[in-house]
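Enquirer: Feature list, courtesy of TrEMBL:
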- 1-241: domain 'G-protein coupled receptors family 1 profile' (DOMAIN)
- 12-30: transmembrane segment (TRANSMEM)
- 50-71: transmembrane segment (TRANSMEM)
- 92-114: transmembrane segment (TRANSMEM)
- 151-177: transmembrane segment (TRANSMEM)
- 189-212: transmembrane segment (TRANSMEM)
- 224-243: transmembrane segment (TRANSMEM)
Amino acid sequence: MWDHQLQTPMYILLANFSFLEIWFITSTVPNMLANFLSETNTISVSGCFLQFYFFFSLGTTETFFLSAMAFDRYLAICRPLHYPTVMTVQRCIRTGAGCWVCGFLYFLLPIYLISQLPFCCSNTIDHFLCDPGPLIKLSCVPAPATEIICAIYNSVLIFTTLVFIISSYTLVIRAVLKVPSAEGRHKAFSTCGSHLAVVSLFYGSIMVVYVSPTAGNPAGIQKYVTLSYSVLTPLFNPLIYSLRNKEMKVALRKLFRM
């Protein structure tokens, strides 16, 4: 917002992505740290499902933004002459708004189904956040249909966005290979490699936990894998997407000199 040279579609998407990451970790990490430091680790039923909704909605929104940013890079590198007319600022803002709206609507049905389960057994969640697997295990009756529906929702979201991202970067890499300059190829490969590393970490983690039905994942593995994509990925994303960016570093130097 401070630097007018950064008010382009790519940086508008990055600004939304940065804002998203702040709220993504805020939905779980403060409560998790409070539980580590407190002797009474409790959360209300409404608070649990509220955390569940926001955590998964923000995670879903992140997959949509990763797809939008991959498409933006595809247009910029593979269709540079069409980029100014296709990816205008107004269209970029609409794309960002669509990512937010779709992200917060996508998981309403699974969350509703889990909230309707009868919880009359143990009230101890074997996790550091309100995750669907541990919540379903607290139900008094088996809920295979709910588990299957959650797995289908997760699989459709993960695989469609992942295939879209991989396809976009594959086309980008093919275009980069045609660049005559070795320095240009190295710069492009470095950027794409960093982005794909973050995408692999994020998608690899959520696939382990959420693609297969929850009963097949040991609780210990779920905790460690969930910790990696809910804490480590947001930690690395600013380094990869922003601080490795030349224009962003120039703008930061100007800001700190004021």
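We count from 1, first residue shown onward.
The backbone N, Cα and C atoms fix where each Cβ goes, glycine too.
TrEMBL entries are annotated by machine, without manual review.
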Enquirer: How about the transmembrane segment (224-243) and the transmembrane segment (92-114): at least 3 CB pairs under 8 Å, pairs 6 or more apart in sequence, or not?
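Expert: No, these stretches are not in contact.
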Enquirer: Take the C-beta pairs under 8 A between the transmembrane segment (189-212) and each of 50-71, 92-114, 151-177. Which stretch has the highest count?
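Expert: Going through each listed stretch, the top one turns out to be 151-177.
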Enquirer: Tell me if the transmembrane segment (151-177) touches the transmembrane segment (12-30). I count contact as 3 or more CB pairs below 8 A, with pairs 6 or more residues apart.
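Expert: Taking Cβ pairs at least 6 residues apart, the transmembrane segment (151-177) and the transmembrane segment (12-30) are not in contact, as fewer than 3 fall under 8 Å.
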Enquirer: Grab the same-chain neighbours of the transmembrane segment (151-177) for me: Cβ-Cβ under 8 Å, and only residues 6 or more beyond its ends, written as numbers and ranges.
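Expert: Same-chain residues near the transmembrane segment (151-177) but 6 or more away: 60, 63-64, 66-67, 70-71, 73-74, 77-78, 106-107, 109-110, 184-185, 188-189, 192, 195-196, 199, 203, 206-207, 210-214.
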Enquirer: Should anything in the same chain at least six residues away from the transmembrane segment (92-114) have a Cβ under 8 Å from its Cβ atoms, list it; otherwise answer none.
Expert: 9, 12-13, 16, 49, 52-53, 56-58, 60-65, 68, 72, 132, 135-136, 146, 149-150, 153, 157
